[in-house]
């Protein structure tokens, strides 16, 4: 509530500002930094960024003391970020905080620790040799140099990079850095160097070597384990970290290490490292805390060590502060809650300074009983335990303003009807909260049972009447000022309506007009709104069915979906009234319910369904339809009973084909019409039965000599009636008694060939073809008489001749001996080039008794080999003797040139230079002059053996003339076209003499 109040207050009092003022809020706080002393960067940046209005400024504290950024040239401030140039550990290591402030207050960031990473050198002093007996344990000290932060230890044996491998006998402690050998062997004798590595800088340094030697006064006897390395008595770790606890013992024989948790189990996520010398617990949780025991054991005895693991948790917010805006004099109660282990304690800061007076602070709760302007500012709750601290910030704004009304409340007009309730809102905004008073005209409003001032300041009048009309004034007032609003109240007569007709029954396709008669106050505007089934009618979407003219609703071409309750609502500025009417629509039935196949035979299906909706007109009959892969859509099927009345819910479909997959559906009909079909039933196959349909169109076909070829139309799968369908082919020579029968097992077969060397050609046979399936044999077709094959032609064509016609054509002619066996259906001519094999021959066929053919599309000036053979349905006869013919050479490629022409009337005299053929072209026989009238496609031709010609142009117009040389290879290339005009007889006296040269000569002249 107070936030809303503050926003409205700010709107009216800060219209000149683009943004509302607010105190600083951190966007980025500084993080811990480890700075390598040998870094090339030579500067450290501590980041700090805050937003606020006005824009905040920044200051920095080190170890709680503000830094004087002006006095030390090494410091610079870029926006909120602190830059330290040439940092040193002595001057700059410590805890840093960013303090940001604007006119509304200050806040302090969390602490960021600046550390320096370095690694010193080992002392150069020579280390003394360590001498032990064989079998004795030994500890080699690392004594690391000064360093920060952590380092990693390893040991080099004799020379780098030969590192000591850790196992059950050798252990390197990452706590002490020392190398532990539980039982020394002769192979251990040598020089040992400790190598340390800084985890931040990756710098490495080597210690002076420590020699290890064996004493010569005997071998060390066996002794019980002595634990030399163990974790502290108290191990502390932050929740979520990885804990590593070390344990290693000297002893002879080499001890084995084992771990246990006292009064509990070691976590399943724990891992044993370094031959069980390290217990590692990743992502440690509070319930992992407890007493852990390390046990070292060998054949001489055992030893153990116990220590406690404590898991702590950094403080974590459960409940933070929120910005708060309060009226002056109001109480403030802020609470912040945090979890952590140990449990956090709380401190409070105002504008970065600890709170001391005017407040109560108990366990994270801050209370101020009576806020005033001096309490405004930025507050921070600090939750901390020994392991860390966290900050939460919030702004307190204390509001103080005169009452003010929203613009939409300043002047109101309220129009109601008699008997209604009047509610005039009065909600001024101000701090402190304004007191409210009401007047009607210049008199104070007196409260009664009917008139009341509500707790929020609003005025309520029950059962309003004409005397309640008038002007009402609400006044809001506090110590800072006052404000008023005016409301005018008008009381009108109530609106009455009647919607007619009240109940209507119609049939699909009919129309109706609903009338909504309204009686209302003449001074009020009125609007009509129409609904169907409680939803507004969309007149744009339903334009084809609904139309309104204020008080009337026209419904055209009514559909079933238009049935229901119609509502008319009349809206005025004072009231809203409504009335309803019911429309019942009769129509064709709805779709019947799910169709179930109750029983199936080879030709019937018993079906049941649930009744269709009758749509207010009784169902007179049902129609049963079926669909199969062989039908053209849905087809009505015969049923028992033949007529299915409207009160029936089952029937039997009859005359179905066996072994066919069917779907069924049901359609209902009533006196109004036929409805939509039901959803199809599941697909079901009728049972098998003996086939009843014989093959049709049994006939003979051409075949080879001694063959009887019998053909028929295969029976459609629709009529095969079951699996294992095939054909029985029966035949006998004409005039004999016994039938020969052959089985054809393929249902798709359409032909059977019977071969018998003893059967002469064209022997007549009686033939019939039957059917069968797994259920038995079906009927045979009618008997037909067909003849055995006459055989392929037996004689080759004779007197074959080949004549070259042109560059691409050869005429082939032949004769055929009519007395040969096997009547030919036609002839096949094979031809191939001289350099090719006969297998590569191309073929051309003729039909009937033709005795010649012109081969076209051949290559010019090429020798071809040719043969001819007859063929019929039984096959091919023998080929004729091979003949040869060569195509003509190509016609001249050179066009006639230097064409000259002279015109006298309609007569044109032409002349040109002769064409000289190339070596591979045929000789020129003569020339052809082509001429045609412009716009016509057909040319007239004049042939001449000379290089001149006279052309008579019979009609008036323009003629196009061109000349070609021709040879036995055909016509050559055409000359350039010339255009010649032809004049009428009246102009025959005009002589035109023109000489046209070819483009070639003209180019030469240019």
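Note that Cβ sites are derived from N, Cα and C of the backbone, with glycine treated the same way.
Positions annotated as domain 'Ig-like' by TrEMBL: 24-115 (among others).
Feature annotation from TrEMBL assigns domain 'Ig-like' to 132-207 (among others).
What TrEMBL records for 225-310 (among others) is domain 'Ig-like'.
Annotated domain 'Ig-like' per TrEMBL: 315-397 (among others), in sequence order.
Annotation comment: TrEMBL describes 403-492 (among others) as domain 'Ig-like'. Residue counts for the domain 'Ig-like' (403-492) under DSSP, split into helix (H, G, I), strand (E, B) and coil, are 6 helix, 50 strand, 34 coil.
Taken from TrEMBL, the feature domain 'Ig-like' covers 494-578 (among others). Helix, strand and coil residue tallies for the domain 'Ig-like' (494-578), in that order: 3 helix, 47 strand, 35 coil [DSSP].
Per TrEMBL, the feature domain 'Fibronectin type-III' maps to 591-689 (among others). Applying DSSP to the domain 'Fibronectin type-III' (591-689) sorts its residues as follows: 0 helix, 40 strand, 59 coil.
Taken through DSSP, the domain 'Fibronectin type-III' (694-791) splits into 3 helix, 50 strand, 45 coil. Look at TrEMBL and you will find 694-791 (among others) tagged as domain 'Fibronectin type-III'.
The annotation domain 'Fibronectin type-III' is assigned in TrEMBL to 796-890 (among others).
The domain 'Fibronectin type-III' annotation in TrEMBL covers 895-985 (among others). Mapped onto DSSP classes, the domain 'Fibronectin type-III' (895-985) shows 1 helix, 57 strand, 33 coil.
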State, in range form, which of 132-207, 494-578, 591-689, 694-791 has the highest count of Cβ pairs under 8 Å to the domain 'Ig-like' (24-115).
132-207
Along the domain 'Ig-like' (225-310), what average pLDDT does this model show?
94
For the domain 'Ig-like' (225-310), how many residues does DSSP put in helix, in strand and in coil?
3 helix, 53 strand, 30 coil
